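Chemist: Quick one: the structure is below, and I'll ask about it shortly.
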Amino acid sequence: MRKVLLPTIIIVATILLILRLFYLQVIDDTFKLKSDNNAIKIQYDYPERGYIYDRNGKLMVANQPSYDIMVIPRDLKNIDTLEFCHLLNIKKEDYIRIIAKAKVYSPRLPSVFLPQLNKAEFAAFQEKIRKFPGFYIQKRSLRDYQVKFGANVFGFITQASEGTVKKNPYYLSGDLLGKQGVEESYETVLRGIKGVKYIQKDKYNREIGSYKEGKFDTIAVQGEDINLTIDAVLQQYGEELMINKRGGIVAIEPKTGEILALVTAPSYDPSILVGRQRSKNYTMLYRDSIAKPLYDRGLLAEYPPGSPFKILTGLIGLQEGVIDENTAFVCNHGFSYARGRFMKCHCHGGVMQLHRGIYESCNTYFASTYMRTINKFVRPADGVDVWSGHLKSFGLGQFMGYDLPTGRKGKAPTSKTYKRIYPNGGWRSTAIVSNSIGQGEVLMTPIQLANMMAAVANRGFYYTPHIIRKIEGEKIDKKFTTKHVTTVNHKYFEPVVSGLFDVYNKGTAHALQVEGIEICGKTGTAENFAKINGKRVKLQDHSIFVAFAPKDNPKIAIAVFVENGYWGARWAGPIASLMIEKYIRGKITRTDLEKRMLEGSLQGEYAKYTGKKETDSLLLSKPELTKSAAQKPDDAETEN
Amino acid sequence: MKNQSVKSNLDWISVILYILLVLMGWFNIYSSSLSTGEETAIFDLSQFYGKQLMYIALTIPLIIIILSVDGKFYEKFSSIIFGVALLSLAGLFVFGKTVKGQANWYSFGSFGIQPAEFAKAATALALAKYLSDVQVNLKDVNRQIQALGIIFLPVILIIPHDPGSALIYAMFVLVLYREGLPAWYLWTGFIAIILFVLSLVFEPWAVILMAIVVIALVYLRSRLVDRNIVASAIVLVLCSGFVFSVDYIFDNVFKQHHRDRFNILLGKEVDMKGIGYNTNQSEIAIGSGGWLGKGFLEGTQTKGGFVPEQHTDYIFTTVGEEWGFLGCMVVIALFLALIFRIIYLSERQKTKFSRVYGYCVAGVLFIHFFINIAMVAGIFPTIGVPLPFFSYGGSGLWGFTILLFIFLKMDANKVNEW
């Protein structure tokens with residue numbers, strides 16, 4: 001037996017070795033990664049972001065180079081911190097804090113030490129960078145805005161958040177990405193694809209050539225340029241008209257669903273969110289919970305639509321056959337729709353038919369129509385659902401699928417809504433009659449209002465509103481060229497359109513006619529309430545106006561909302577008519593009106609509820625911007 | 001009459017295995033010491049692979065000399081060879097050159113020689129000579145002590161320079177067992193190893209508690225006539241004494257770097273930048289090889305020089321990284337084949353001298369092979385033991401070559417011994 005011992009020990013020991021090697025090499029696969037981490041340095045080449053043009057090819061957003069100081073904590077050596085901090089004009093505490101944070105992210109991967117140096121700062125640092133091992137400079141490109149408007153349309157560029165870095169493997173700490181606006185919705189198109197270079201390192205972290213002769217390296221793919229549907233001139237004009245007001249303007253080309261202008265007020269110059277001032281400015285804008293400059297009112301604000309909603313009430317009444325053009329209701333400056341319930345009306349009273357009902361905006365007429373629509377069905381719930389179905393076909397109560405990252409559904413109430421409000425049932429058309437005049441449970445965003453007007457302008461269909469016009473070398477999404485037909489038949493639109501036409505000729509907006517342009521519009525005044533110190537307070541009404549023009553062959557449909565703007569024809573109406581004139585004519589004839597609108601301010605009104613804000617300095621305010629725009633038509637006139 | 005020439009009697013299977021191992025070793029040394037981007041001749045003597053190629057070339061005259069010497073020479077002169085080896089080890093205390101903290105070199109100009117590498121073959125010869133004496137019976141306690149004395153003489157001289165290498169000599173005890181050493185020596189050694197490891201992992205009292213339980217079980221399960229309460233108590237006292245002395249020696253006699261080597265293995269240390277770096281990096285290198293490896297000269301760990309001493313003690317990491325699990329299996333298979341071939345040849349020997357020597361050769365090759373790979377794979381403490389024929393170094397290569405070819409010479413001569 002003594003002979004067997006050595007061979008036995010050898011075999012057992014060898015099996016042990018084989019098992020261990022099998023475990024290391026085959027079962028545990030973490031070593032592969034560790035060896036890559038060890039020996040391969042990854043260098044990125046950031047492509048230039050695509051440019052953004054308006055619908056006419058005017059360059060709105062370009063790029064400028066920027067330099068980030070990056071740090072790899074593992075490579076840090078003893079450096080002269082004092083000199084380093086002095087050179088970059090930072091405090092030593094900041095230095096310690098940033099390095100500590102970078103170490104937490106990864107001792108091996110680069111973190112941004114100081115972002116977005118300008119050329120002068122970069123040059124000063126570049127000279128001395130040899131003295132500071134562990135730091136290097138990463139060139140990136142930053143946005144260079146050619147225009148001072150469109151902040152909400154463009155969105156902005158920011159460093160990828162920690163959450164994004166974890167979720168999306170494309171982004172690394174310090175990478176930039178688009179947030180909000182088209183920068184976010186077309187991020188993948190605009191950013192391109194960064195290039196990667198793998199570099200072999202030795203244990204001293206020295207680079208010793210490219211890994212596997214560059215077999216895995218990729219070349220950066222340039223970001224693609226895009227054309228927006230925005231008309232730069234109209235967008236700028238809209239933003240100027242809205243200075244010192246709050247609200248939104250959405251203009252759509254009815255034929256295509258292209259968004260011509262998307263204005264929110266207050267707004268800011270997009271260039272304040274570039275460079276080292278970015279985070280300070282952004283925080284200020286973000287914290288302003290009163291004026292909410294980062295809140296895109298054109299897409300996000302849900303308002304009760306007010307009188308413009310009567311257009312839909314009328315159309316649905318016609319479609320459901322409960323009224324025709326000649327159906328008449330008598331208005332006694334109000335409408336007693338139930339015992340003890342009276343809805344006031346500001347029209348001139350008398351016998352109302354559809355045409356006059358629209359241009360005089362008669363509450364009685366539409367309340368009666370609405371009640372008939374609901375009462376057509378035995379159960380009011382069925383009536384509401386039919387009515388709600390019609391609303392949905394106009395884009396209400398849904399995210400419409402447009403290509404901007406934010407939005408709200410608005411509200412198109414159904415029987416379920418009322419079941420929730422009246423859990424015991426027993427509600428009838430009288431309980432929900434305020435829906436008829438856009439003051440009930442219905443809520444719409446300005447873009448939904450504009451889209452509704454586009455559908456009316458088209459007499460029964462619309463295209464999903466969208467902001468992309470062209471992507472270099474790519475087709476735009478098919479959903480933007482798909483026609484949505486409303487459930488209200490084509491033939492019912494003409495009588496309503498002619499009523500809207502007379503809103504300008506003899507109705508609530510007769511003072512706002514533009515010579516030679518046949519505008520169809522509708523004023524609106526929406527009551528609104530707010531909770532101030534826990535009490536429900538009625539605030540100044542919102543001023544609303546919707547319109548499209550020209551009446552035949554419409555080129556623009558528009559919705560204007562001015563918060564606390566008293567009544568429709570006071571602010572929203574004039575602004576809408578100026579926008580239409582600007583878009584169709586390219587110049588303004590009614591310069592007095594224009595001046596009044598440009599210089600008019602509702603700040604006094606807003607200040608009633610809140611004090612002055614520190615962000616005011618950041619927001620678009622008057623001088624140079626308005627002047628240049630206001631002068632344009634004058635110049636044109638002198639030429640004539 | 002059979003052909004008496006060495007050429008025809010030489011065991012060519014062993015020779016081919018030897019050549020394969022040496023060549024594979026050189027390719028891995030080439031890969032691990034090649035600097036990226038430098039195109040140099042393979043005979044560049046400023047590079048490790050160039051020097052190793054020269055050492056390999058020099059083994060050819062060495063082998064010819066070994067094979068040409070009369071077969072009786074090694075037996076007759078074994079005592080003298082052993083004496084010279086001991087002297088050269090002792091001389092290190094006076095003339096030794098310190099390299100990497102270990103004074104185990106003689107320096108001749110630009111070349112150095114490590115006598116410890118040659119002492120193994122000398123010890124094997126001395127042991128074989130002693131055991132082949134007709135009068136030696138290992139049942140005799142005096143003989144046991146003398147035989148163990150032959151093993152411990154070089155160990156005592158080596159421990160101060162290189163305590164790890166001294167472990168190699170434990171292998172000779174196994175050879176003694178093959179030749180009749182009582183089994184309790186091995187049991188004692190085995191239990192001592194287990195107690196040693198346990199007392200590093202657990203507190204001393206816990207280990208003693210375990211010992212009590214085991215001894216009690218043995219006592220209760222043995223037949224009544226065999227029960228001996230006094231013997232059990234003595235064993236317990238010895239175990240306790242051992243456990244406490246291990247604890248004491250570990251904390252007070254061992255140096256910090258010795259302690260660290262054990263602690264890494266037991267998972268007590270996690271400082272992967274400091275003391276744990278070697279083992280960590282070598283595990284990464286081997287582990288990243290996967291099934292088939294990254295390919296010759298493609299190992300990122302190897303190219304980047306992340307594994308320290310990769311061309312010497314850690315040469316197996318190159319195999320693991322560039323040739324993968326498959327390559328490791330090939331190397332292990334070659335070693336096993338050579339070792340078992342030697343054991344097979346030993347059992348075939350007609351003289352006790354050559355049989356014992358053959359066993360010593362197999363044992364020495366095996367213990368190097370096992371400890372080295374176990375160390376780089378992270379299941380054995382870091383001990384500077386080279387991988388035979390693979391690791392860079394002239395002394396090592398020549399030492400193992402001499403060790404092996406003396407045996408092959410004896411084997412070739414077996415037919416005309418008397």
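Every residue, even glycine, has its Cβ placed from backbone N, Cα and C.
Heads up, here are the entries from TrEMBL:
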{"type": "TRANSMEM", "residues": "B:12-31", "note": "transmembrane segment"}
{"type": "TRANSMEM", "residues": "B:52-71", "note": "transmembrane segment"}
{"type": "TRANSMEM", "residues": "B:77-95", "note": "transmembrane segment"}
{"type": "TRANSMEM", "residues": "B:147-172", "note": "transmembrane segment"}
{"type": "TRANSMEM", "residues": "B:184-217", "note": "transmembrane segment"}
{"type": "TRANSMEM", "residues": "B:229-250", "note": "transmembrane segment"}
{"type": "TRANSMEM", "residues": "B:323-344", "note": "transmembrane segment"}
{"type": "TRANSMEM", "residues": "B:356-383", "note": "transmembrane segment"}
{"type": "TRANSMEM", "residues": "B:389-408", "note": "transmembrane segment"}
Chemist: Determine whether the transmembrane segment (B:12-31) and the transmembrane segment (B:389-408) share at least three Cβ pairs under 8 Å, counting only pairs 6 or more apart in sequence.
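Modeler: The transmembrane segment (B:389-408) and the transmembrane segment (B:12-31): touching, yes.
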Chemist: Is the number of Cβ-Cβ pairs under 8 Å between the transmembrane segment (B:389-408) and the transmembrane segment (B:52-71) three or more, considering only pairs separated by 6 or more positions?
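Modeler: In this chain the transmembrane segment (B:389-408) contacts the transmembrane segment (B:52-71) - 3 or more Cβ pairs sit under 8 Å.
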Chemist: Test of understanding: applying the rule of at least three C-beta pairs under 8 Å (pairs 6 or more apart in sequence), is the transmembrane segment (B:77-95) touching the transmembrane segment (B:356-383)?
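Modeler: No; fewer than 3 Cβ pairs under 8 Å.
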Chemist: Sort out the residues at least 6 away from either end of the transmembrane segment (B:147-172), same chain, that have Cβ-Cβ distances under 8 Å to it, and list them.
Modeler: 82, 85-86, 89-90, 92-93, 96, 102-104, 116, 119-120, 122-124, 126-127, 130-131, 136, 138, 181, 189, 258, 360, 363-364, 366-368, 371, 381-385
Chemist: Would you mind listing the long-range same-chain contacts of the transmembrane segment (B:323-344), meaning Cβ under 8 Å and 6+ residues beyond its ends?
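Modeler: Residues packing against the transmembrane segment (B:323-344) from afar: 11, 13-14, 17-18, 20-21, 24, 286, 289-294, 296, 316, 358-359, 361-362, 365-366, 369, 373, 388, 390, 404, 407.
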